[in-house]
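What TrEMBL says about this one:
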type: ACT_SITE; residues: GLU61; note: active site, proton donor
type: ACT_SITE; residues: ASP202; note: active site
type: ACT_SITE; residues: GLU295; note: active site, proton donor
type: ACT_SITE; residues: GLU316; note: active site
type: BINDING; residues: THR419; note: Ca(2+) binding site
type: COMPBIAS; residues: 482-492; note: compositional bias 'Basic and acidic residues'
type: REGION; residues: 461-501; note: region 'Disordered'
Amino acid sequence: YDELRPLTCDGHDTWGSFSLTLIDALDTLLILGNVSEFQRVVEVLQDNVDFDIDVNASVFETNIRVVGGLLSAHLLSKKAGVEVEAGWPCSGPLLRMAEEAARKLLPAFQTPTGMPYGTVNLLHGVNPGETPVTCTAGIGTFIVEFATLSSLTGDPVFEDVARVALMRLWESRSDIGLVGNHIDVLTGKWVAQDSGIGAGVDSYFEYLVKGAILLQDKKLMAMFLEYNTAIRNYTRFDDWYLWVQMYKGTVSMPVFQSLEAYWPGLQSLIGDIDNAMRTFLNYYTIWKQFGGLPEFYNIPQGYTVEKREGYPLRPELIESAMYLYRATGDPTLLELGRDAVESIEKISKVECGFATIKDLRDHKLDNRMESFFLAETVKYLYLLFDPANFIHNNGSTFDAVITPYGECILGAGGYIFNTEAHPIDPAALHCCRRLKEEQWEVEDLMREFYSLKRNRSRFQKKTMSSGPWQPPTQPGTVSSPESHDQAREKKPAKPKIPLLSCPSQPFTSKLALLGQVFLDSS
């Protein structure tokens, strides 16, 4: 089943009937060190999961939980001791499953604007009567998973549709630089014009930053920084973030939503630590008041909002604590982690799992354990208290793997978490494809390398008869064969900015370019 029901010790399907919790929690097993269970679940998924089913599924949730979970597990398979097939990470059963799931989502993007529908039938595509109204996050939360998928499979369609959707949102912002909450994907007209950083918008901003880091895309980061300025100007009050009208900037809802607690972690990724800590401490006061974060909290009244008093064991505040602790080492962040562990254990733990807290005022429970509890909440708590975890690798260790495109480096750190806490190794994006410009750069370097070797051999022979070798007047220059000149003439003009901006390294050492590694075989 998709989810556990911890009070009745059984399960039920919620998001699509495709073993959601098993997929969502798979990489958590490895991060916790449970390698044998990771291996067992990989086999279970291969034998039992089928996406060719007549089910209406959330495009957003299927992407972040299923596609993201499968991609992360695929990239971590070798580390978990799974026997990977030849060509990994450019091929593998989990990658094929991720691609199959993502292809089921592609019909949702076939709209006049390029912004996707919110729901798709996995067997038939978009239903004829499907509503065209989609939340902002449901449009702008694909670039991490889809760009990774395009890089690993070589099919650009996934990254292309994700980028179009991002750009359409960007072009739809108001004159004061804000976006609303829901938009009609057929007309591009805003339906809900409340602007904030929380529910319905949140991961759009998150993916501009994480997409920029993952893809080294300055344009995505520039887009976020412009949004960030507008958010500070119109929605921030005393380090709280309110909801405002997207065209006027007037306050529409003076509430905090628990989903907004990701924001300090996102601020830490762009280096805005001081503002991040101040906002985090505001949110932490709510946690200490209730032993959890209610879904909505009225800031002026200092209390919960009616019918929004629950806490479904969400990860966002813990996520921010993990990021900020990595950045600052501030022990206050560990205190939040301790409080979270104690609250969840005391209030939520039952015989068969951890139950959603229906009401933080009286600690009544609901018979549901969302998959994000194991995928995110447990994972971020563990990583907060485990500084030596491989996820925190600073590049001091890595794995060199052979792919059909040469040797590449994996596992060196710098993991990018998708919005469901599935870590993506950014180096993997360069293992399975090379842009033409990169390929030419590599070819030029390799020609120069072998030319140096030939020249060195000639000089060594020459010194045997003509005395000590004298260096050329221009160190580093080598003569190029005629074929090399001809090859250059056939190429289009190269980019003005060199792809290699690092200092030159001696060719007797390893040469790495965007994840491709070459060895001096001599």
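Glycine too: its Cβ is placed from the backbone N, Cα and C atoms.
Where TrEMBL records a feature, it is marked here on the structure.
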{"residue": "GLU61", "record": "active site, proton donor", "Cβ contacts under 8 Å, 6 or more apart": "TRP15, GLY16"}
{"residue": "ASP202", "record": "active site", "Cβ contacts under 8 Å, 6 or more apart": "ALA137, LEU259, GLU260, TYR262, THR419"}
{"residue": "GLU295", "record": "active site, proton donor", "Cβ contacts under 8 Å, 6 or more apart": "GLN257, SER258, VAL305, ARG308, GLU309, GLY310, TYR311, PRO312"}
{"residue": "GLU316", "record": "active site", "Cβ contacts under 8 Å, 6 or more apart": "SER258, LEU259, GLU260, ALA261, TYR262, GLY265, LEU293"}
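Counting every protein chain shown, the number of other Cβ atoms lying within 10 Å of the Cβ of THR419 (Ca(2+) binding site) is 25.
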